[in-house]
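Inspection log for the structure reproduced underneath, given as structure tokens.
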Amino acid sequence: MTTRYIFVTGGVVSSLGKGIAAASLAAILEARGLNVTIMKLDPYINVDPGTMSPTQHGEVFVTEDGAETDLDLGHYERFIRTKMNRRNNFTTGRIYEEVLRKERRGDYLGATIQVIPHITNAIKEKVLAGGEGHDVAIVEIGGTVGDIESLPFLESIRQLGVELGRDRTLFMHLTLVPFLGAAGEVKTKPTQHSVKELRSIGIAPDVLVCRGDRAIPANEKAKISLFCNVEERAVISLKDVDSIYKIPALLKAQGLDQLVTKRFGIDCKEADLAEWEKVVYQEANPVGEVTIGMVGKYIELPDAYKSVNEALKHAGLFNRVSVNIKYIDSQNVEAKGDEVLQGLDGILVPGGFGERGVEGKIMAAKFARENNLPYFGICLGMQVALIEFARHVAGLEGAHSTEFKPETPHPVVGLITEWINEDGQVEERHEESDLGGTMRLGAQLCHLEEGTKAAAAYKSTTCVERHRHRYEVNNNYKERLEKAGLIFSGLSSDRSLVEMIELPNHPWFVAGQFHPEFTSTPRDGQPLFEGFVAAAAAYQKRDLED
């Protein structure tokens, strides 16, 4: 199979939405029957984002094969059917690590190691490997043209453009075309300078996607085409929209997919975007609204919970309600108590690390349990629910996790020392293990107990979800907790680890050790999120009737 490559770069400013634009183009090409994948090349020195602060980098998206990756890979999976893996995301740090490891082994036979050719060759090898087996591979280059950090990646794709030829490569550049209120017009000069910078390093863009708060007038498109040496039909206007799921239709309406297929000489059917039209319609026409309180510690940056936010919205689509997310700092719960939890239709406690704010999350779980308020716990959200139950229902005073209180008299949650990974191999960890790349990661089979809310949600006695954690329920306390009324509704593939818990006499108190948000998409939803939002809508209805 001959793979064609589309390289996506960004200029003028960061956060233009290269990932969304790349994913939207991929969605159109997929709708034309093509097998598409997307890669993200990140210019930072970290080996992966696994140990980076969520408040700086946003969430860490976990792939099926256990790679800790950039949040853009979540966008990719939400827009196309292709599942991402560790080949879809790599960093400058990983490239340097692998090159230096080869140098230490003597693989380079004493050669002087340089950015060109050794680093650039390593980048090219990874790009080509990531595209294998696909009709089209879209490659997003992180950062902004002009950044020092991005230069090795840009040089690598320049070389690939020469080596693969024009019939297998296309360069798409996103820029900002701002509107100046004082002048009453859009300004194209930043785009001209960005393209000039890109051309100075040997890359001539074939397509310009111009971002702005409004559509670019035809005369300004012609001006951009003239000064940037790009065909006028290849100057694409991408204005701000109220839903990212409208973007595939916007790009298709301007013929971007036809431009791509013509360039690559691909003969394929027209794109049918009916599924996306349905998503946009559902999003614009809810019949109700629910308010979900998300109790976390990284709420100053909503991108820290990007996949959770999107999964709640997807669940709203399937329940025909708009989901209003109220972000609640768990430390505020500690300081102010129940008053910050009033007026909610459900509480969700997402994953997280570190002791700060943990007691507030435990208090939120207690509030939901005692008030029959729908509760959904994810990863740490399951652990705090179990700790709360152990303390206040099972009579285990002082119960805690050894992550936060090693000397706790009742360590109901402790470090996982051994488990079966996604390949069926036994992995082991201990307290002295490195933080990076040492968690239980990736897709794992979970056995669901018949008759539970979990099994009802999945309509099955098994599910496969992705994990990212070091701590688990201490099996020594399972019998005591079960006698107190807690249901262990999900167990690991070998039934040695607790994966899900729930309460029997509660409208919806369900929690999982895994991260179901990573498998939610706007077209397919996700069973647990759908069940949770349905329970929130039912709670609101009962509350109004009372």
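Each Cβ is built from the backbone N, Cα and C atoms, and glycine gets one as well.
Residues annotated as region 'Amidoligase domain' in Swiss-Prot, with sequence analysis given as evidence: 1-266.
Less than 8 angstroms from the CB of T191 (UTP binding site) sit G11, V12, T175, L176, V177, L208, C210, I224, C228, each of them six or more residues away in the same chain. In three-state terms derived from DSSP, T191 (UTP binding site) belongs to a helical segment. The feature UTP binding site is assigned by Swiss-Prot to S14, K187, T188, K189, P190, T191, Q192, K223, with sequence analysis given as support.
Long-range Cβ neighbours of K189 (UTP binding site) (same chain, at least 6 residues apart, Cβ-Cβ under 8 Å): none. Residues or ranges marked as CTP binding site in Swiss-Prot: S14, D147, I148, E149, K187, T188, K189, P190, T191, Q192, K223.
Summarising the annotation, Swiss-Prot assigns ATP binding site to S15, L16, G17, K18, G19, I20, D72, K239, D240, V241 and lists sequence analysis as the type of evidence. According to DSSP, G17 (ATP binding site) sits in a coil region rather than a helix or strand. Sequence-distant neighbours of G17 (ATP binding site): residues of the same chain at least 6 apart with a C-beta under 8 Å from its C-beta are L174, R211, L238.
For D72 (ATP binding site), the same-chain residues lying six or more positions away in sequence with a CB closer than 8 A to its CB are K18, G19, A22, A23, K40, F61, E140. Positions annotated as Mg(2+) binding site by Swiss-Prot, on the basis of sequence analysis: D72, E140.
Swiss-Prot lists 291-542 with the feature domain 'Glutamine amidotransferase type-1'.
Taken from Swiss-Prot, the feature L-glutamine binding site applies to G352, L380, G381, M382, Q383, E403, R470, supported by sequence analysis. A coil conformation is recorded for G352 (L-glutamine binding site) in the three-state DSSP classification, outside any helix or strand.
The feature active site, nucleophile is assigned by Swiss-Prot to C379. Counting only same-chain residues six or more apart in sequence, the Cβ atoms lying under 8 angstroms from the Cβ of C379 (active site, nucleophile) belong to P350, G351, G352, R468, H469, G512, Q513, F514, H515.
The annotation active site is assigned in Swiss-Prot to H515 (among others).
If you look up Swiss-Prot, you'll see E517 (among others) marked as active site, on the strength of sequence analysis. Other Cβ atoms within 10 Å of the Cβ of E517 (active site), summed over all protein chains shown, number 29.
Taking Cα separation as the measure, K187 (UTP binding site) is nearest to S15 of the binding-site residues S15, I148, Q383, E403, R470. In space, E517 is the closest of the recorded positions L380, Q383, R470, E517 to S14 (UTP binding site), judged by Cα positions. Around P190 (UTP binding site), the same-chain residues at least 6 positions away in sequence with a Cβ under 8 Å from its Cβ are G11, V12, T175, L176, V177, P178. A 10 Å cutoff on Cβ-Cβ distances gives R470 (L-glutamine binding site) a total of 17 other Cβ atoms nearby, all chains included. The two recorded residues, Q192 (UTP binding site) and Q383 (L-glutamine binding site), show a Cα separation of 53 Å. Taking each Cβ in turn and tallying the other Cβ atoms within 10 Å, the top scorer among the binding-site residues L380, M382 is M382.
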